[in-house]
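Under the heading active site, nucleophile, Swiss-Prot lists ASP7. The annotation Mg(2+) binding site is assigned in Swiss-Prot to ASP7, ASP9, ASP237, SER238. Per Swiss-Prot, phosphate binding site is recorded for LEU8, THR41, GLY42, LYS214, ASN240, LYS282, HIS283.
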Amino acid sequence: MKLIAIDLDGTLLNSKHQVSLENENALRQAQRDGIEVVVSTGRAHFDVMSIFEPLGIKTWVISANGAVIHDPEGRLYHHETIDKKRAYDILSWLESENYYYEVFTGSAIYTPQNGRELLDVELDRFRSANPEADLSVLKQAAEVQYSQSGFAYINSFQELFEADEPIDFYNILGFSFFKEKLEAGWKRYEHAEDLTLVSSAEHNFELSSRKASKGQALKRLAKQLNIPLEETAAVGDSLNDKSMLEAAGKGVAMGNAREDIKSIADAVTLTNDEHGVAHMMKHLL
């Protein structure tokens, strides 16, 4: 195996959003063995750097669900953007329907100033409708969103279209605790010919250019590095990893992955709290 593409949340990162020592050592060993380690995530590149710079590990990074590729030195290699008019229409709808949203750009993740309030209101509504429900899981899902670095806060999405410098729209995320709101997002965009629609967690949906996906980015990078796809592996847990697992020579699902991801994988490793990435590198490749 000459290249391994690795998802972050639910895969390389454990439930505490950390890279375990076992996984860290596995990455270093792979690099010593001459394997090209690639981080492939829905997160923004600068957010990935906040995790990897303290570790002193440099890799190629596929970010924003495949919309952006940076080389190990942090230089932009390739990007695919959402058409600005399309981005305006998407954000106008999300804001009018009171979604918590995130806009991934090259410089920041833009989110509403009242974003936490929007989710707090949803939590209160959810609690009222489901008094017996355990809200800790929902609160943890919200904390995953808040734990990212590089946030910039806006009063309205329209500020992004009034900026002095034009903004590249890489990825737009909608988030809700309510199934019907998530389904409304899927229904609205699932047949859009110019967009890729995926999800990286139970409570979100994410939109990027039709030319952007983790699978397409993996193919592009493998070609750039002159590595046959048969000599690549990919590991992930969520719907946004599906194209990557299908594109790679060997697709590996995490033990904590969705069942539909496990069903298309060539192998299943341990969970992200059991150092599943390290286990994969040692036993499954």
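Any Cβ shown, glycine's included, is placed from N, Cα and C.
Shown here: features listed in Swiss-Prot, placed on the structure.
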residue : record                   : DSSP (3 states)
ASP7    : active site, nucleophile : coil
THR41   : phosphate binding site   : coil
LYS214  : phosphate binding site   : helix
SER238  : Mg(2+) binding site      : coil
LYS282  : phosphate binding site   : helix
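Counted within 10 Å of its Cβ, the other Cβ atoms near the residue listed as 'active site, nucleophile' come to 29, all protein chains included. THR41 (phosphate binding site) is 11 Å away from SER238 (Mg(2+) binding site) when you measure Cα to Cα. Summary for the binding-site residues ASP9, ASP237: the Cβ-based neighbour count within 10 Å is maximal at ASP237. Taking the C-alpha atom of THR41 (phosphate binding site) as reference, the shortest distance to any of the recorded positions ASP7, ASP9, ASP237 belongs to ASP7.
Each of the binding-site residues SER238, ASN240, HIS283 was scored by how many other Cβ atoms lie within 10 Å of its Cβ, and the smallest score goes to HIS283. LYS214 (phosphate binding site) is 10 Å away from ASP7 (active site, nucleophile) when you measure Cα to Cα. Cα separation, ASN240 (phosphate binding site) to ASP9 (Mg(2+) binding site), rounded: 11 Å. With every protein chain in view, the residue among the binding-site residues LEU8, THR41, LYS282 whose Cβ has the most Cβ partners within 10 Å turns out to be THR41. Sequence-distant neighbours of GLY42 (phosphate binding site) (same chain, six or more apart, CB under 8 Å from its CB) are ASP9, SER63, ALA64, ASN65, ASN171, LEU173, VAL198, SER200, GLU206, ASN240, listed in sequence order. Between the C-alpha atoms of LYS282 (phosphate binding site) and ASP237 (Mg(2+) binding site), the distance comes to 19 Å. LEU8 (phosphate binding site) and ASP237 (Mg(2+) binding site) are 9 Å apart (CA-CA, integer value). For the recorded Mg(2+) site, residues ASP7, ASP9, ASP237, SER238 set the reference point as the centre of their Cβ atoms, and the other residues of that chain within 8 Å of it by Cβ are LEU8, GLY10, THR11, GLY42, SER200, ALA201, GLY236, ASN240, ASP241, MET254, ALA257. For LYS214 (phosphate binding site), the same-chain residues that are 6 or more apart in sequence and have a Cβ closer than 8 Å to its Cβ are ALA5, ASP7, SER40, ILE62, ASN65, GLY66, ALA234, GLY236, ASN240, ASP241, SER243, MET244, ALA247.
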